[in-house]
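The structure under discussion appears below in the form of structure tokens.
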Amino acid sequence: LLFKISNKRRHSFKAALDGGCETLYCTASSLSCPHCSTKACKNFTVAEECIPISQTEKYHGEQCVCCPPPVFMPLVTIIELAFFLYYSLPVGDIGPNGPVPVDSIFIYRPDKRLQIWRFILYMVLHAGWLHLLFNLTVQLVVGLPLEMVHGSARIAIIYMAGVLAGSLGTSVFDAEVYLVGASGGVYALLAAHVANVFLNYSHIECGIFRIFAIILIASADVGFAIWDRYAALSAEEEQPVSYVAHLAGAAAGLTIGLLVLKNFEQRLNEQLLWWIALSIYGACMTTAIIWNIFFY
């Protein structure tokens with residue numbers, strides 16, 4: 001698996017080199033300079049090889065396709081909506097922040113953490129219609145375009161990595177709370193969009209604006225989640241819901257996004273970035289798992 005992931009950009013990198021300058025040459029002004037040798041000029045030209053901008057923009061645009069159609073984001077959205085209706089309709093009184101199905105076999109609970117499926121399946125439950133509406137809206141608005149460009153498999157990996165990171169992060173940093181919702185996966189998608197802009201910045205319109213918009217939306221939601229977490233605690237409600245999953249999911253989305261998303265603008269130094277991202281995610285996940293097994 002590591003071999004496949006580490007070589008996932010081989011074909012696009014070859015296309016980048018094939019589409020660039022195929023011949024090395026020195027300008028007359030370079031050759032006339034007594035301090036510039038032919039060898040130095042050739043080395044400089046190799047370092048500047050790239051695809052012409054018009055070709056790369058066309059290639060990047062062609063990747064956003066509806067055939068095959070995106071299936072992961074619509075499927076996850078339907079499942080989460082169905083579970084919300086199943087648990088909420090019998091209660092009758094559905095508020096913006098509740099009720100929380102604390103007795104569900106899917107909710108992450110610190111006293112039930114040996115039931116390891118809860119570390120993943122908590123994502124199908126939501127605490128109120130406002131929580132559900134935000135998550136479904138973001139994962140459709142952000143997740144669908146990413147899935148149309150990068151494919152269902154890559155987006156599924158990012159989303160599920162964020163969900164798992166959310167529960168593991170909560171078990172370490174906010175160990176006494178319950179956890180529901182797909183916020184870990186949603187924030188992984190938001191961070192993956194930032195990673196996509198970083199990888200293909202020169203071929204994405206308004207890249208800086210997109211990053212600032214994501215930061216603004218995420219900051220507002222995390223701020224509300226923090227306030228709700230400690231407001232619930234001060235009001236002595238039964239069980240507050242954690243916000244750590246938002247932050248852990250974003251960290252997972254950024255690192256995994258750099259690993260698996262397609263890169264249409266290859267650079268020779270990106271192999272180092274790939275290994276750094278893999279090391280950070282692997283170290284964090286391993287530490288959280290060891291903590292849960294031996295030190296909880």
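Note that Cβ sites are derived from N, Cα and C of the backbone, with glycine treated the same way.
Taken verbatim from TrEMBL:
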TRANSMEM  71-89  transmembrane segment
DOMAIN    115-262  domain 'Peptidase S54 rhomboid'
TRANSMEM  119-144  transmembrane segment
TRANSMEM  156-173  transmembrane segment
TRANSMEM  179-201  transmembrane segment
ACT_SITE  Ser183  active site, nucleophile
TRANSMEM  208-227  transmembrane segment
TRANSMEM  243-261  transmembrane segment
ACT_SITE  His246  active site
TRANSMEM  273-294  transmembrane segment
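Sequence-distant neighbours of His246 (active site) (same chain, 6+ apart, CB under 8 A from its CB) are Gly166, Ser183, Gly184, Tyr187, Ala218, Asp221, Val222, Ala225. Cβ contacts within 10 Å of the residue listed as 'active site, nucleophile', excluding its own Cβ and spanning all protein chains shown: 31. Mean pLDDT, taken over the domain 'Peptidase S54 rhomboid' (115-262), works out to 86 on the 0 to 100 scale.
Secondary structure counts, DSSP: the domain 'Peptidase S54 rhomboid' (115-262) has 115 helix, 3 strand, 30 coil.
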